[in-house]
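> Shown below is the structure under consideration.
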């Protein structure tokens, strides 16, 4: 094929996965093209106007630690900030922010259009071209007829592949409301042998702020001081804004009348009327799903969230539905404060195609086709944050392939929630839209929101995602934390009638850094360093115990499975285990150990076989 132009990496889709993939690829020095149907909708928030939440907020900080953009964007455009789970331990706390979705979109449009090595192309990719051997990417073809040669393609199409919107008994093709779906690219996947599955998600109506009676509703303000997401937002090296003007949300509830309206019209919903075949998200159900599944509950919480700082659009979090539009008006008006509400846009459900993520390596490259990467909703996940986490990993690996680097970029389960998510996706697959929770991790005490930068800065620096100045700053911060902890271990004070180290004294539940300061004991100036010291001191024993449990997994993750292994030649493996390993192609013994049905005995047999393969290669 004769190509019109050449890029090292092509990213398809300008959502939250595509943005991080494209920016990461460009940052690593590859000539990158971001191809999207509408370049003014890069970074659009089609559902909730927020970033972060339980586990999700930790992922945003991990993306930031890896050199990504989402955290910086929300810090600049957020209108309310808070930390969730503050009554619980630090392992499960997460930041969350309400976004001005228009300002967020503008920020990302500007960023992608003004990044070195990155070109934004307004077009639709309708086909992916393979080399003659049929298992490696060679280029893409667009709807406008542009033929682009490339070494790697990252597909981040969100809900656009064969997207179908449902509003009651009405349905029509769309990728998002008022945007056309991608119907030609799925044909490539069918030809290439990928099986496509149908998933479903939904979004509530948008409400006119001027028609809501806020005076009778419960106000939900942000935190003071407000938490920020990026380690690099001023004041640099802190996770707290000095000042940030915030806008409140409001809380209301469904009523028995709401539930009656929904129950009487269940047959008119796309979900219960049988029109939807796709599988929906368990942890973000439609309101009709909640009414059916939690029949004994007399009310459900609704959060009224502003979509912009100065606009009139309100997002009623908790009220997504596929009811017909006329019934939606009745339902929304049965809720306190919304008696006279006007709907700006109706709620809708959307079905779309995904590829099972077990088709991928932990690099997010497909096993079938070299140079083809998937990220975001297309992998069966839900949420902007999960998409961004996958996007940055896919973008980094696509760039490394384009640059001819042999060592892939892989994040382990013990290193980050991004690693937990990707490992879950690639080893277990999905039976419903995947959402990240802290409970999915075995290493919650280590994978906290406060230490994301400390966990990942070395990996980011090693591949070029952090510069020298950034690396030096984090390194010095880490050294200062260690130095203060050592000082506290070596300095003794009187506690009643006995002498104890400051370290031991700080482990007492009633003692914090502020108490030490009041006692005249020196403490670091940085609020971030104070927080890190206190967490590390108070959880010292638990962290040590978790680290010991982690050692075995690290050992198994360190043993790579040769690409040319023939599982049928491994002594002692049952036939079904041979079939599973051959199908999933795990990259390490650690990944193999997490596949369903793989026994400890099978791992031992694999270890012995791999050692024999190594010895054979040494002796020639």
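Yeah, the Cβs are placed from backbone N, Cα and C, and that goes for glycine too.
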> The FAD site in Swiss-Prot lists 13, 14, 15, 16, 17, 18, 182, 377. Which one of 83, 125, 129, 137 belongs there according to the record?
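The record-listed residue among the candidates is 125.
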> Over all shown protein chains, what is the count of other CB atoms within 10 A of the CB belonging to residue 286 (NAD(+) binding site)?
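I get 29 for this one.
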> Which one of these binding-site residues has the most other Cβ atoms within 10 Å of its own Cβ: 17, 284?
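That would be 17, with the most Cβ atoms nearby.
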> Find the one among the binding-site residues 282, 288, 294 whose C-alpha lies closest to that of residue 15 (FAD binding site).
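Comparing Cα positions, the closest of these binding-site residues turns out to be 282.
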> Give the residue from the binding-site residues 125, 292 that has the most other Cβ atoms within 10 Å of its Cβ, counting over every protein chain displayed.
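Top count of Cβ atoms within 10 Å goes to 125.
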> Can you tell which of the binding-site residues 13, 17, 125, 377 lies nearest to residue 286 (NAD(+) binding site) in space, using Cα positions?
377
> Minimum Cβ neighbour count within 10 Å among the binding-site residues 13, 15, 280: which residue?
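Output over binding-site residues 13, 15, 280: least Cβ neighbours within 10 Å is 280.
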> In which DSSP state, out of helix, strand and coil, do we find residue 125 (FAD binding site)?
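Once the DSSP labels are grouped into three classes, residue 125 (FAD binding site) ends up as strand.
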> Which residues of the same chain, at least 6 positions away in sequence, have a Cβ lying under 8 Å from the Cβ of residue 290 (NAD(+) binding site)?
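Residues satisfying the criterion: 297, 300.
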